[in-house]
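Trainee: Here it is: the structure, laid out below.
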Amino acid sequence: MAFKLASSPHLSTKAQTRGLMFKVMLCALPGALAQCYFFGWGTLIQIALAIAIAVATEAAVLKLRARPVGKTIRDNSAALTGLLIGVAIPALAPWWIAAIGVIFAILVVKQLYGGLGNNIFNPAMAAYVMLLISFPMQMTTWVAPSGAALHDLGLMQSLSVIFQGADAEQVLAYRAGIDGVTMATPLDAVKTGLSTGLTLDEILTKASFSDGFGIGWALINLAYLAGGLVMLKLKLIRWQISTAILASLFVCASIGYLLSPDTHMGPLLHLFSGATMLAAFFIATDPVTAATSTRGRLIFGSLIGLLVYLIRSFCGYPDAFAFAVLLANLCAPFIDYYVKPRAYGHRASR
């Protein structure tokens, strides 16, 4: 009888990739639904489009590589990548933004390295950075959240903006003759305001910060936090990376705020703005691209938190998680090499 030897690591576990990925997607659902509530149909369209293109791209590449298509597609890893890209891009971004990003993530970042388990960078974050650098206008034009906007684009209007290239302002002008469709994210608004000489208190008095965090963003982060806590409860992820990210970011932001409260955001604004909770629980915890040991995960997460604070405070990209995660991915092998668990039976040399 012939036995087929699978590639390492040879781990015994009852958990299957398909089930794990599906549970992660379910845990991300509260945050995704919160985004749909605040940013409208566009977010749902982007998610559906990104997942469909991700699965189709994965199937096409597997076919070209003469690899089994059905089994790999059913592991839900491509669908999860599509979901993460779908919630990361602006709700009314053109359809080709999602298409280019997803194809890049699956084809270049994942499959060219050998597929799931072999990629060295997080596919969704690598795609996000590529899109942000290549198409800054489309990637930084966010629809105003519900409560700050003077509009309520329906499903057909959102489809028109995304697929036919109609301008959201033109759609509203046609419907009601009003403006106010797009606006900066809270982090972008703070960065722009500080660059013009405003103090943080002056920036936070604007209508878009009526709840102190930016309309909608705090609740979106709370929804992702709730999903992340469920993942911890189900033991889908380890606690070290997420905890280290949030603790590191909180400490760095607290120090900066204490030293200069007029020019540095407070720790709570850092924690509940942008993609903080999404990245801390659903992106940085990717077991393929993160450090593996217990101490290594703590260092890995702390590095991400530090990088996020530095990039948000002193660089040109306010929501810095994509860059921070990719830089930490580069450091993960180095961290694993120097932070090794002691081998069983090891004796210190005399």
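Glycine too: its Cβ is placed from the backbone N, Cα and C atoms.
Sharing the feature lines straight out of Swiss-Prot:
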- 36-56: transmembrane segment (TRANSMEM)
- 89-109: transmembrane segment (TRANSMEM)
- 124-144: transmembrane segment (TRANSMEM)
- T185: FMN phosphoryl threonine (MOD_RES)
- 212-232: transmembrane segment (TRANSMEM)
- 239-259: transmembrane segment (TRANSMEM)
- 265-285: transmembrane segment (TRANSMEM)
- 298-318: transmembrane segment (TRANSMEM)
- 319-339: transmembrane segment (TRANSMEM)
Trainee: Among 36-56, 89-109, 212-232, 265-285, 319-339, which stretch has the most Cβ pairs under 8 Å to the transmembrane segment (124-144)?
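Mentor: Answer is 89-109, with the largest number of Cβ pairs below 8 Å.
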Trainee: At a 10 Å cut-off from the C-beta of T185 (FMN phosphoryl threonine), count the other C-beta atoms across all protein chains.
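Mentor: Its Cβ has 20 other Cβ atoms within 10 Å.
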Trainee: Near the transmembrane segment (239-259), which same-chain residues lie under 8 Å Cβ to Cβ, leaving out any that are not at least 6 residues past its ends?
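Mentor: Residues packing against the transmembrane segment (239-259) from afar: 228, 232, 265-267, 269-271, 276, 279-281, 284-285, 290-291, 294, 297-306, 308-310, 313.
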Trainee: Report, as numbers and ranges, which residues of the same chain sit near the transmembrane segment (212-232): CB under 8 Å and 6 or more residues beyond its ends.
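Mentor: Cβ under 8 Å, 6 or more out: 23-24, 27-31, 33-35, 37-39, 145-148, 185-187, 189, 204, 239, 242, 268-269, 271-274, 276-278, 280-282, 285.
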